[in-house]
Amino acid sequence: MLDVKRIRNNPEAVRIAIELKGEKADIDRFLELDEKRRQMLVELETLKNRRNVESDNIAKLKREGKDASDLIAEMKELSDKIKEMEQEVKEVEEELERILWTIPNIPHESVPIGDSDEDNVEIRRWGEPRKFDFEPKPHWEIGQELDILDFEAAARVTGSRFTFYKGLGARLERALINFMLDLHIEKHGYTEVFPPFMVHRRSMFGTGQLPKFEEDAFKVYGTDYFLIPTAEVPVTNMYRDTIIDGDKLPIYHCAYSACFRQEAGSAGRDTRGLIRQHQFNKVELVKFTEPDKSYEELEKMTRDAEEVLQALGLPYRVVVICTGDLGFTASKKYDIEVWMPSYGRYVEISSCSNCEDFQARRANIKYRPKDGGKAQYVHTLNGSGVAVGRTFAAILENYQQEDGSVVIPEVLRPYMKVDVIKK
């Protein structure tokens, strides 16, 4: 959520930023309502002051034994008018809030201008895609042939876009989760959190999923609970309605969770295999920082996520996301894309975002500066560290052998207790 003063003081800049994001918000109506509200509050304050004065006058007349009935009648009319105006102010504020909730975060000045993912800018690559002397298979074929993935059974039990991991497949998924957590905790300094997999509506609002993206969320029937689309939601909301001691910043958290998404509007896009599932595992990175440190922390977070892929020997590239592809809550975002041989292209495996104070305003997360000054909103950052199912898929594709087996990356062997998955 943007600072109202920012919109009020520089509406044209906000309007341009919204257009660059490809979003829509009625800034003119917002400004009209904002001015109306401010005028109404001034008038309301004047009426309340008058009521206070007349109350004193009534009390004085009564003490003097004089008739105060006319003044009492006027006071009743005045009180009714105040009550009516308070209701009008409430209605104006509710409409203001509804518009404010639709206004996206403002892109950082360093974000490239563009309309879609075709305008994202590659900034670096790591590793060389492997050259195969045989035709590489897609990960879903490899997994089914090795009997470590079962899409058909999951479809019978639940439906499409779900998977059973079996045998060494289940062990590989678990090994990846533990490896990622261990790396981020032991080397990068994150504190692990194991969050609830359900949150209520206010938490989804706090991180920006609601009200705009409700159609992409799984709601628990008959309750106010939602299955989390990412651990970013519960971990960020751990600090909702709190003031953090400035000496404790920055705060680093990592969390494993299952994630649940409708993937509305994604029909036909990567629907085979593990790339676009309704339920998937992810290790999430979340940071809370002082405003002047958040972009430095974004670079660190992105490097932390990259190190997972480097340790696994998976080629990848990093792109900075353009304005039109940036999303609702982020001011700046990097995507890390892993090489998938059967696709012949890089596929997103992590997004690392700086939301500045956008989520903090929605969730009311502040910090007390070290000098003891007035509490300010923190900056929040989040990133995948990384998506586990997509990493599983990338390992199957990049480490597949001609005989159908898959070599286990060396860093995972202590977790797996085997070097190769084979028939």
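Cβ atoms are placed via backbone N, Cα and C, with glycine included.
Listed features, source Swiss-Prot:
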BINDING   Thr230, Ala231, Glu232, Glu284, Ser384  L-serine binding site
BINDING   Arg261, Gln262, Glu263, Glu348, Ile349, Ser350, Ser351  ATP binding site
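Feature map: Swiss-Prot annotations on the structure.
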residue : record                : Cβ within 10 Å
Thr230  : L-serine binding site : 22
Ala231  : L-serine binding site : 28
Glu232  : L-serine binding site : 30
Arg261  : ATP binding site      : 20
Glu263  : ATP binding site      : 15
Glu348  : ATP binding site      : 17
Ile349  : ATP binding site      : 26
Ser350  : ATP binding site      : 29
Ser351  : ATP binding site      : 20
Ser384  : L-serine binding site : 27
Within 10 angstroms of Arg261 (ATP binding site), Cα basis - binding-site residues out of Ala231, Glu232, Glu284, Ser384: none
Rounded Cα separation (Å) that holds between Glu232 (L-serine binding site) and Glu348 (ATP binding site): 18
Length of the line joining the Cα atoms of Glu263 (ATP binding site) and Thr230 (L-serine binding site), in Å: 13
Ser384 (L-serine binding site) and Ser351 (ATP binding site), Cα-Cα, nearest whole angstrom: 6
Structural state of Ser350 (ATP binding site), classified by DSSP into three states: strand
Binding-site residues: Gln262, Glu284 - member with fewest neighbouring CB atoms within 10 Å: Gln262
Shortest C-alpha distance to Glu284 (L-serine binding site) - which of the binding-site residues Gln262, Glu348, Ile349: Ile349
For ATP: widest Cα to Cα gap among Arg261, Gln262, Glu263, Glu348, Ile349, Ser350, Ser351 in Å: 19
Coarse DSSP state, helix versus strand versus coil, of Ser384 (L-serine binding site): strand
Chain-mates of Thr230, Ala231, Glu232, Glu284, Ser384 with C-beta within 8 Å of site centroid, L-serine: Val233, Val235, Ala255, Ser257, Cys259, Lys282, Val283, Leu285, Val286, Asn382, Gly383
Structural state of Glu232 (L-serine binding site), classified by DSSP into three states: helix
DSSP-derived class (H/G/I helix, E/B strand, else coil) of Glu263 (ATP binding site): coil
Ile349 (ATP binding site) and Thr230 (L-serine binding site), Cα-Cα, nearest whole angstrom: 14
Cα distance (Å, whole number) from Ser384 (L-serine binding site) to Ile349 (ATP binding site): 8
